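Working notes, structure below.
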Amino acid sequence: MKKILLAAAILPLMLTACNQQKAPEQAKTTDAAATTTTETAAAPTTQPAADTAQDSVLTEYMKIVAESLDKSLTAEASNSADRMFAQSVQPQIDSAIAMANLQLKNGTDPLLTGIAQKIADNATISKTLGDYLANNQDASEAFAEKEEFNKELIELHEDLMGTADNAEAAISADKIFAKNLLANHEAVVDLAEQQLKYGKDDSLKQLAQSLISNNEAVITSLKDWLKAN
């Protein structure tokens with residue numbers, strides 16, 4: 001009888017000890033499940049398609065700007081102001097056409113698409129510059145103000161690359177186009193002004209004056225659009 005009573009007294013103690021042992025194990029299981037849930041919730045989500053598309057557009061613009069600048073900077077080797085102008089501005093004209101084609105592909109704003117269409121349809125300026133370079137040899141000696149022109153080319157490089165980098169903050173293909181084309185057109189105006197100052201060829205001077213007039217109108221439209229958007 002005493003053995004039975006002793007066993008009856010021990011059994012609750014064993015059950016209590018067993019339950020106490022299981023409690024930490026259950027807590028560990030619960031904690032592990034919570035951790036797994038938290039890690040699952042914190043796992044990085046797939047990048048939105050819109051962001052991926054914007055990155056692709058930015059990459060295209062960066063490529064266009066970099067290639068045009070590499071070509072423009074070859075003008076530093078020229079001795080003639082006329083050839084320096086033609087060599088440096090032709091890649092920027094081609095760059096504007098490439099940007100316009102990207103806008104027609106990716107953009108949606110009617111005003112910007114209209115500007116892009118006009119640029120894409122006009123390849124005559126680039127051809128005129130190419131013909132001049134093909135038919136006119138460089139001068140044997142550098143013109144006196146060549147260093148001034150070289151400084152303009154270097155500034156052009158820095159400004160255009162800076163704009164292309166800063167365009168990463170843009171939230172749409174339209175704004176990326178507007179920012180890059182604005183910098184492009186301002187650079188063309190700067191180069192055209194150098195031609196009017198230092199150039200000798202009358203046909204290139206007329207072309208430079210035409211570029212200034214046409215580009216300034218586009219520059220105004222782009223600035224107004226960027227302020228409003």
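Counting begins at 1 with the first residue displayed.
Each residue, glycine too, has its Cβ placed from N, Cα and C.
Look at TrEMBL and you will find 1-22 tagged as signal peptide.
Feature annotation from TrEMBL assigns region 'Disordered' to 28-53.
What TrEMBL lists as domain 'DUF305' is 82-226. In the domain 'DUF305' (82-226), helix, strand and coil residues by DSSP number 124 helix, 0 strand, 21 coil.
Under the heading coiled coil, TrEMBL lists 139-170. As a whole-number mean, the pLDDT of the coiled coil (139-170) in this prediction is 78.
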